[in-house]
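What follows is a set of notes on a single structure, which appears directly below.
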There are 2 protein chains.
Amino acid sequence: MSLTYVTAKEAAALVNHNDNVGFSGFTHAGCPKVVPVEIAKRAEEEHAKGNPFKIGMFTGASTGDSIDGSLARANAVKFRTPYQTNKDMRNAINAVEHDPIQYFDMHLSQVAQEIRYGFLGGVDVAVVEACEVTESGEIVPTSGVGIMPTICRLAKKVIVELNDKVPAKMRGVHDLYELQDPPKRRHINIFEVQNRIGLEYVKVDPSKIYVVRTSEENEGSGFAPVDEITAKIGENVANFFVSELKKGNIPPTFLPIQSGVGNIANAVLASMAQNKDIPRFEVYTEVIQDAVLDMMQKGHISFASGCSLTLSNEAMDRFYRDLDFFKNKLVLRPSEISNNPGLVRRLGVIGINTALEADIFGNVNSTHVMGNMMMNGIGGSGDFTRSAYISIFVTPSTAKNGMISAIVPKVAHEDHSEHSVKVIVSEYGVADLRGKGTYARAEEIIENCAHPDYRPLLRDYLNLSKKGHTPQNLYACYDFHKAFLETGSMLNADFSKYKK
Amino acid sequence: MSLTYVTAKEAAALVNHNDNVGFSGFTHAGCPKVVPVEIAKRAEEEHAKGNPFKIGMFTGASTGDSIDGSLARANAVKFRTPYQTNKDMRNAINAVEHDPIQYFDMHLSQVAQEIRYGFLGGVDVAVVEACEVTESGEIVPTSGVGIMPTICRLAKKVIVELNDKVPAKMRGVHDLYELQDPPKRRHINIFEVQNRIGLEYVKVDPSKIYVVRTSEENEGSGFAPVDEITAKIGENVANFFVSELKKGNIPPTFLPIQSGVGNIANAVLASMAQNKDIPRFEVYTEVIQDAVLDMMQKGHISFASGCSLTLSNEAMDRFYRDLDFFKNKLVLRPSEISNNPGLVRRLGVIGINTALEADIFGNVNSTHVMGNMMMNGIGGSGDFTRSAYISIFVTPSTAKNGMISAIVPKVAHEDHSEHSVKVIVSEYGVADLRGKGTYARAEEIIENCAHPDYRPLLRDYLNLSKKGHTPQNLYACYDFHKAFLETGSMLNADFSKYKK
């Protein structure tokens, strides 16, 4: 039986108002790029005719502008989960209207299972990017996986963007396996970062496949160069690891590293490469960025397991060129496996994630600016933090030219609790919270991580209320944030007014 | 080789100032009862002589008054982890002095591994309760396990309270297994609640054992009878389960249940037993309470896995009497296995825990009254909540005769984030947060769970700030708590002053 080939516009016509649509990929990597734009156009046409047209959106993580941007601008979104980084989508989520897009911000490892369990509604259509699709229904993903196996299996229609810019030699990079559901399911058969348990492709009934031929570039942008502050954060993390190795807290063969998304994560890995006392290590993470590629080529990283290759276009080209080198040193998995808390714990993964702000007691905000505006979402940070061998959060001590302190009396929104956050690192140093009481933790964070300009203010706050295990003062705890909202700088917080 | 028998006073003399001491048990169950009292006396004697005497304390969870009460009253505690429920210990932790006891409030499943990893300092002495100890060094626990395998292996000296009030026939109830450490460790071989993977005893070098013969009663107290409110909460949970079964969200064979500690947990189980539409089920939990025993005898529960038998003395006697009946329907495991998040996820455990307060966006406070006073600790609630098939929090809608609302604008301390909390249940109803955006979640919680007297106030708060994904207002978010602190009732909160 031969496959059905359609245009992007014809494919978009397969999507109806109120459908729940699942998209492949994780970050911009592996996302479809042409059909979502056509769905957005279709929405605009229907809206122009006075007809409703909105879809529910399931993804692996964030997507490219073709998905989140197009559909948000077209006002075509009924709900969105689990994570986004797109400006237009973010603006819609934070709009003055009451939640015009129902956005639910989920732990990424839970998305596929909650879809399977039936908690989130069905999947009507899957739109996925592939570098190969066969007449027997084998679909080979491109540079990102996300929730692709689950949405392809459950969807009534599977629209495949067959992208000829991605070499078909990518076949073999992926390890695609969908978890069983409880009760009485078996364990996941991964005991080492490089273990493979699944197939190279997702296989579905070919009669439900609609193929759209595309020729689209990777949507990756470059990384900002490592600056002095991110370099110093990286160095502090690397030195912390060396000290843990010396104490025997980390085994001499080291442990797999997870590192979050963005420039700081890149800088941390670069510092680890530069440090002679850190042995070659493995990566068990969600997003494989440029630094990992460099370090694999230089021999600092022996193997990388992730959910996506989130690379700059330059690095993506390099990857394709050297595919034979990378192919047996790297595996891309579905997000429910790349981010699986049980595996993170079993493998002893060390988690390194970025905090938006942390408080002096060790609670971390990863999502909300000033407590109300959604930035991106929790992403995989909770999947790793709660289960990691050591959970580290990194952050520059200040933002907005020093007007915002990343270390505050109380986080304005909390995504990771003091119980799960073990180490905080800024460019000033390392706060090691393990085995410490409240005041000792506060001292570590203030003296080692806060910017020196903010330390006196944070000490003032700590000394305001002497009673209670956690001397939080509900009258004063958001004075940093209020000072910023009122005067443009947290430095104008003043706790003297509370003193009797 | 014969074992060394000592008196409790002689055993206490084996403990030195600055030692880290690990105690067996979980809740009062399985805790030593005589030696800790003698250690406290020794501390008082040393203090009277002007000598310092403080110990670090590792336990499975809370303990009996013999441990936490005696040692807190003797001012003999250097640090305490992971959980406590004792009045004198709690007062010390919340004292005006800066953290006189370094208390660190940990996820219970992490205690044994963090001790092994070396993060918390060594274990000098283990003090454990047993119903049998052999000359070859086999130690059989009593009604609770906690971190016993790890502390017995690591401690230089193991003091065993051999309690003749506990029948030696308890041998066989326990399944004792200590996890391997990363890297390259295998999976935990438990695929069904009843699977056994370890030994009936902990085995150590007999030359490090010191046996103290005791004859101590169980320290269990009874449960308050189920009142109208807890009964209604139980009924709401049971009805929610029936509705999930009908939708196919829970498989017809049901899933293992975890239920927290205390009267509400007991009431929830009792309601499940009364509901004809809920099939016989299994329990995978930390604490096995009276209700579980009743339901096993009546056939509602087919098997129970836990870390302790936290029973009233009446139920404990019943258990001992019918040991042959219970022995193949029940297993007691170390806390790193009873609470293991990887197993909780694999088995599809449904978690039911009690909230101190929840906010209208679905964040939960389990630990701190008014944000600063430590109640008990997070206990195992995080181990289960973050990994459960469905995570449920239960709470009466109000406390203190209605002066405190359990549903607040913003929790004063956060232990479980909106990302992990899926369902909230009060005596008024069920808020199902799955797949809902912020405002829809707030509406579910306010209209279904809050006390009707508080609903208008909560709606006022929700409508104060219309901008942002989460319309939190940092000026007004603690007005419920401030009204209670200033006037004795949260009902006096008034958001009209913020309206322009």
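Even glycines carry a Cβ here, placed using N, Cα and C.
Going by TrEMBL, these are the annotated features:
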{"type": "ACT_SITE", "residues": "A:Glu286", "note": "active site, 5-glutamyl coenzyme A thioester intermediate"}
{"type": "BINDING", "residues": "A:Asn376, A:Gly380, A:Lys400", "note": "CoA binding site"}
{"type": "DOMAIN", "residues": "A:7-209", "note": "domain 'Acetyl-CoA hydrolase/transferase N-terminal'"}
{"type": "DOMAIN", "residues": "A:317-461", "note": "domain 'Acetyl-CoA hydrolase/transferase C-terminal'"}
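TrEMBL feature annotations superimposed on the structure.
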residue  : record                                                    : contacts (Cβ under 8 Å, 6+ apart)
A:Glu286 : active site, 5-glutamyl coenzyme A thioester intermediate : A:Phe26, A:Ala61, A:Leu108, A:Gln258, A:Val261, A:Gly306, A:Cys307, A:Ser308, A:Ser335, A:Ser338, A:Asn339, A:Gly379, A:Gly380, A:Asp383, A:Phe384
A:Asn376 : CoA binding site                                          : A:Ser62, A:Tyr83, A:Gln84, A:Thr85, A:Arg90, A:Thr367
A:Lys400 : CoA binding site                                          : none
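DSSP assigns A:Lys400 (CoA binding site) to a helix in the three-state reduction. Across the annotated binding residues for CoA (A:Asn376, A:Gly380, A:Lys400), the two most widely spaced Cα atoms sit 26 Å apart.
Just so you know, the Cβ of A:Gly380 (CoA binding site) picks up 30 other Cβ atoms within 10 Å once every protein chain is counted. Across the domain 'Acetyl-CoA hydrolase/transferase C-terminal' (A:317-461), the prediction's mean pLDDT works out to 97. In three-state terms derived from DSSP, A:Gly380 (CoA binding site) belongs to neither a helical nor a strand segment and is classed as coil.
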